[in-house]
Structures are given as C-alpha cells and as structure tokens.
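Engineer: Here Swiss-Prot flags 10, 344, 345 as Mn(2+) 1 binding site, drawing on sequence analysis. The Mn(2+) 2 binding site annotation in Swiss-Prot covers 303, 308, 356 and rests on sequence analysis.
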C-alpha cells in the first residue's frame, strides 16, 4: 500500500537562500536563529533551555540546515543516528508567499509576478474599494494599510464593532486581508465580502484574499478565531494532487491546504485548528487512509502565531511539541509509505518587520525505500512533487527532479 504524508511546517526555513538579497533577507535563518536564541537562554517563556528536537534531528533536520548554512545550529551536530534522507531546497518561484511555495512543492512553480499593494498607507486603489463597498452594500472601511494582523485589531477592532466597517489591510505578500468580528459583523457576511473582493481583484493578480474573523470585547481580549478562510487563485497548471486524483487516488487536506490550492486536486477536506488538533487530525486520517492516498497537512501556527508575531519562544515551544509527537506518526507508516516534512518559505522570528523571509526549506523524507543520508541542495521545491509523482508512478511533472 503506497501513501504519502506531507507535513508542511509553515514558514520553517533553514537559512537565507542564494537570492535572498533580492528580498532584503540576507542573513535570515528561521531554524538557526531559534536554536541560537534557545541556547542563549533568550527563549525561556513557556519552555527553557536549548532547542530539543531529537526526532527531527534523526530525520536529518540538523544536517539539512548545516548543508544550507555551512554550520550546525546550536545544539545540533553529527552525534545523532540518522534514519531519514535530508536536503534543502531553493525556491524557483518569484515570491516568498504561501501559494507560491505550496504550488511549487506540488510541481507547479510560480514563474510570473504576483500583483502587490506596495504602498504602506492608502494601500488599495479607490476604484477597487469603491466597487467592493458598492457590491457589499457597505458605506466604508477601516485600515487601508500594511499591518500586523494582531496589531490592527488592537488599533481598529473597537471602531469596527461600533461602525460595522470592515478592516482592510495587506502586507509584503500578494494578499488582501479582511478582519471582521464574528458576532457584530457576522461570519457569513465576512465570507461573502471576501468572495466579492476575490472577484473584483481579478485585474490585479493578487494571490489571496484572507478572511480574518475575530472575537472579544476590546483590545485586551481581541483574538482571531479558527474560522480563517483563504480565497486563492487556482494554480496555473495541474499539480501532482490533481494527477493523483485523476488517477483515482485520494488527496486529503488537513487544515488550510484545500484553500491554498483553491480545492483543485482535493478529494476530502478536514478542518482543524492549532498544532494539537492538526496533529490529531493528521494521525486519524493516516490511520484510515487507503492505497494511493496523499494526506497533506499545513501546520500554520508556526507562521501565523510565531513567525509573523516574532515570537521566538512560542516558535521553539511549538517545534518541541511537534517533535515530541513525531514517533506517533512514524509508528503508523508502512514500508511503502513516504513521509515528507518541509516548509513553504521562511518567517524568521528574530528578523526585522513581520513578513516572510526568503530561505531554503528543509526536505526531510522517510520511508519508501529511501536510504538515510543527504539529498543535497534541491534546485526547486518541485523536486518534492516530482518525487511524489514517481512514488505513485504517475506521469512526470514538467518541473523538478525526483529523489525517489
């Protein structure tokens, strides 16, 4: 029985990529800087001491990062019995965003330029917002700027609740984000507004519209809920997910995967929120998955809760939780199963600003007859998609080189 389990540690980069200078990210290193902060006692909130990831280390994380950066991260070294194949991958796509990383990993790199709202204030064209408001029957909006999602709730959440005006904001990514209170504005109203916005953005080539629902009564307790929804464009070509589905296989999305691929190539969607819930749901799906199945999970908290919020201790604690549960996953794998752990970009919690960082991502592969050892530097995330196609004996993808 052949299956592939993909565990996407959203934003878990392993060092600045060769083209990082083009993105202002030279020196960024999500994994390395977290490990360094832990070793120096600077990440002892909710946890303490050096970063402890023994299971990821056995799968080759420390070695993959060493090959990427030229040095082992603090607390990681050669004194580990490797059980997995490991490498690091350069992104071929033009952006450092979520859709680009995910699509490329599935065999379809983004070779065009996304549209962006580059102005930090008055970010959105009036012509665009006028059309959105008219169609939605709204008399105004708040925000219209680059912002941290949590900070903008503190600044504008109460005014939003009083006025009923949605909060529009963006970032360095190709994204239009809309924050609204679940009770005072209504979740269905937020989703409808996002659907309208997605349609009106067609001429702008924006990658995603993101619904950012929140609850609470004031700045001290405003919090995003688990009802986030991404409205993505469809990938420009068939991904390996589409090809497996067309061949009669199953593709199970856990978390936000289905949204990222605009439901293309997905046969089942499982909703889950938070690291524990996502891990539980992944294990449950693997236990019940049959032959020719992909179970694909995005562990978004690493990015949204820790990377963007520049929370080093939180990121470290999340990684240690994830690592402690990996033996549960390994115990479920058959000899023909393929487990892949990777990321879609970096988001160094020690870096300036709040945006993603252009980094190599780890490629940790276990099972399917792979020998423990180095896979080297991969020239594209698409090598993962090509390897999955090879594993299932599907028609080869147009991009990528298999390591199977």
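Numbers run from 1 along the shown chain.
Note: Cβ is positioned from N, Cα and C throughout, glycine not excepted.
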Engineer: Rounded to a whole number, how many Å is the Cα of residue 345 (Mn(2+) 1 binding site) away from the Cα of residue 356 (Mn(2+) 2 binding site)?
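Structural biologist: Between the Cα atoms of residue 345 (Mn(2+) 1 binding site) and residue 356 (Mn(2+) 2 binding site), the distance comes to 7 Å.
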Engineer: If I take the alpha carbons of residue 303 (Mn(2+) 2 binding site) and residue 10 (Mn(2+) 1 binding site), what is the distance between them in whole Å?
Structural biologist: 5
Engineer: Rounded to the nearest Å, what's the C-alpha distance separating residue 308 (Mn(2+) 2 binding site) and residue 10 (Mn(2+) 1 binding site)? Just drop the number here, would you?
Structural biologist: 11
Engineer: Return the count of C-beta atoms lying within 10 angstroms of the C-beta of residue 303 (Mn(2+) 2 binding site), excluding that atom itself.
Structural biologist: 25
Engineer: Please work out the number of neighbouring Cβ atoms within 10 Å of the Cβ of residue 10 (Mn(2+) 1 binding site), leaving out its own Cβ.
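Structural biologist: The answer is 26.
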Engineer: Let's check the environment of residue 344 (Mn(2+) 1 binding site): how many other CB atoms sit within 10 Å of its CB?
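Structural biologist: Looking across every protein chain shown, the total is 29.
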Engineer: Taking just the CA atoms, what is the gap between residue 344 (Mn(2+) 1 binding site) and residue 356 (Mn(2+) 2 binding site) in Å?
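Structural biologist: About 10 Å separate the Cα atoms of these two residues.
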Engineer: Within the same chain, and leaving aside 10, 344, 345, name every residue whose CB is within 8 angstroms of the centroid of the CB atoms belonging to the recorded Mn(2+) 1 site, in sequence order.
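Structural biologist: Near the Mn(2+) 1 site, the remaining chain residues are 8, 9, 11, 12, 98, 101, 102, 303, 343, 346, 347, 356, 361.
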Engineer: Between the Cα atoms of residue 356 (Mn(2+) 2 binding site) and residue 10 (Mn(2+) 1 binding site), find the distance and write it as a whole number of Å.
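Structural biologist: Residue 356 (Mn(2+) 2 binding site) to residue 10 (Mn(2+) 1 binding site), Cα-Cα distance: 10 Å.
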